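Here it is, the structure in full.
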């Protein structure tokens, strides 16, 4: 090729730019026209063709760019360019094309586009070779005609070429993994043949006039995506669905990324993929499809929604109406066949609206034309449909309209002779008599219609028939009022609710149980036992349909059938309940027990393993949620924490940036503490779930031992050990099972030791192991276990272990061993009072006579008054020494109460003998109180503290002086209050606390009336708590003492010099 003038090169560049613009406009026009003209269901299929056409244009554009000749600097360079421009290929393979990754921009991130990598500018020969060679292929694979037809491609002949003076730098090889098969197909070989090897102006015109390359709808070879690490400029971008839609959760069957409900609801789809089991999101997508009349989308979303909510009536009714509106009768019949089961099974649709839609469809498909040849057959078909529907839902009080339609349909029948008229009247009478005995919403209208019907036939016989059914009608009308009172408060949500264990849930469950018990009580006095069972069965099905996710109600229904001896019906209920509540322990265990009684052992194995497989992912998901909560609680990392750690390691107080590491370390510690608090709080939830899984394993082992022997139980234990969510209860249960089954302690000890390797720091497990060793009188191993464990378990966590071993030593050890143990315990727990440990040594099985007889805890607990002796009260701090006696002020005198409804017992002291004595608490006996700021409000006497529970008593004319500070407490106490009460009548600890409060003179804030404050507190409405009842006049015994590990704890240790828990 001769030396080209720079002006020619510029002209070529301008021509190439024009070609690029034309190709881009053409590709965009093709895509826009296709997206507007094609229906939605064909969009996914034709998108491949359009993408392939676009990629072909981009490939041609890329080749044109890369073939721009460089301005030769010398004659040798020009000769090299001529040699490179030859059509022959070199024998050696083409050099690899440099491919690098381009970082997507912000706009690219929003649309999730795939980045097609631009190549650098190799020679034209290398470009064509790279296009044909699939090994160096990028996003646009191009095959030759021979390769596409299955024949081998012709190899290029080897001809030496002169190398140019400036060779492009060799780039590293690029990894080319397999791409999805949805990538656009490769163009035909004609596209490759049309690509020129030189870029003279004559060839440019041929390229523009060349026909469009052939587009294949299916890829000929797997397309290869190229993964690169560098970041060149972005040149070409191929559109794919947004990244937010892509997830591991697949779309429902029948939907694609281009379905209307998916492509036009990006936010809903992303939310659904984040939580696929959320019924609210599924219902929103289903409603959108129904509103937009997208029947394919509506079917797909309903199938997903019906997996957990097959008894939801309103979505099913909406789908039926949509199918009927589009005249899709085959789909409507399939829906009715799957939902309207005539066997009265638990999955039968129990909503009247579904049965009304069914009858509407039957009458629409069987139009009745009087006088036609098939009129009798059509009328018979409609009659059978009404009987079928009323047999299933005729007990519902909402089915009154169906009864009325049935009556009108029968009454409209032809009667050509007297016999037909009599038969029709008899049939109408039977239908009326069935309807007026049911508590329907329109029962009064039906009774009036029945009255008119009988009267129109014969007034003499009308009285007879009406008198026969009048008692049943009156009973049904009364029952309707009762049923409305029971069922009207029950909410009727669109989807069956999930239990939240709130008070509202308990009320709803209680309301349903009240309705079911009302049905079981036979309020309609139905004498036909089968009819009564049918009515109760319908009530149970309706309850379970609307409360599908409440295991308690499933168990209630199964128990009802079990009481009747109908084990098959009970098994059907429990099986449906397990399907509805797959994580229910109640239903799984109940169904497994029933199947075990019926010797259906394979079903039992499946139930236990299925429940475990359902619970394991829940633990993993909870752990991930807890980890995220911990990260959120910690917050962002502390800046400079790494440098502070390095400085602290070498002993510096200032890091490399000159910051004080103490402040940084404090912030780091606070950050870790926030995370630790969340981990501690949420860790209990994880442990609770893991314990639940272990309980299932234990129940599984029990079943295996009962059904198949101890070897089967060992096999289940072996499977349980492989569980990642195992707790120590499984080891304990297996060990005790081995011991009590085979009476072999060695096997049990080996199992305990096996669990000790994993739970050696769990004090509860160590105590269980220790108790087992002591129960089999293996004190040597027990002592060794105790010594090993107290080394591993440190601090207060080991306190239960010390107490368990101390009880054994106190009971069966010698005195020297007891003293040694107490010496060790005093070192580990120095805050314990010696009296406590001494009393524990001399107690038996929780009976502590030292506390009862010598320390008086029995009297304190039982509330027995002390004998009338000079009981000395404990001397409290002299808080009243500097307080002068209050000045007596006149107070209004209350009129005496003349009578009482019920006098208080004489042997029990009154809680408030007088307002004077009642006001002798240390807090109230203070110096002069400041006068009220609002004396005009004191227009009534101050009410007593217990004005609601005790009658008013006469108040003295003045307040007596308070008792002297200090020595006043040594005066003889009143026998009415006993040794546990202050002279004011309050408990001594409360009186002491009130004495420590500051004096009223130190208060300088606003003064409120006590009545207003009490009214404010009395009007509070706390959630989950009501107002406590008024205190009784007579004092009863206190609640029983709390029982801890082996002994009672009447009081805290601080009474006797200690600070720990327990009596002492």
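Counting starts with 1 at the first residue shown.
In case you wondered, yes, glycine gets a Cβ from its N, Cα and C as well.
So Swiss-Prot says this about it:
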- 34-106: region 'Disordered' (REGION)
- 44-54: compositional bias 'Polar residues' (COMPBIAS)
- 66-86: compositional bias 'Low complexity' (COMPBIAS)
- 119-192: region 'Disordered' (REGION)
- 151-191: compositional bias 'Low complexity' (COMPBIAS)
- 327-364: repeat 'HAT 1' (REPEAT)
- 377-412: repeat 'HAT 2' (REPEAT)
- 673-706: repeat 'HAT 4' (REPEAT)
- 777-811: repeat 'HAT 5' (REPEAT)
- 888-985: region 'Disordered' (REGION)
- 899-910: compositional bias 'Basic and acidic residues' (COMPBIAS)
- 933-948: compositional bias 'Basic and acidic residues' (COMPBIAS)
- 1022-1064: region 'Disordered' (REGION)
- 1026-1042: compositional bias 'Pro residues' (COMPBIAS)
Cβ under 8 Å, sequence separation of at least 6 from the ends of the repeat 'HAT 4' (673-706): give me the contacting residues as numbers and ranges.
585, 588-589, 592, 596, 604, 608-609, 611-612, 615-616, 618-619, 622-623, 626, 629-631, 633-635, 712-713, 715-717, 720, 723, 725-727, 729-730, 733-734, 737, 741
Across the whole of the repeat 'HAT 2' (377-412), what does the mean pLDDT come to? Round it, please.
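For the repeat 'HAT 2' (377-412), the model's average pLDDT rounds to 93.
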Write out how many residues of the repeat 'HAT 4' (673-706) are helix, how many strand and how many coil, based on DSSP.
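When I sort the residues of the repeat 'HAT 4' (673-706) into the three classes, I find 34 helix, 0 strand, 0 coil.
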In the repeat 'HAT 2' (377-412), how many residues does DSSP call helix, how many strand, and how many coil?
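Helix, strand, coil within the repeat 'HAT 2' (377-412): 32 helix, 0 strand, 4 coil.
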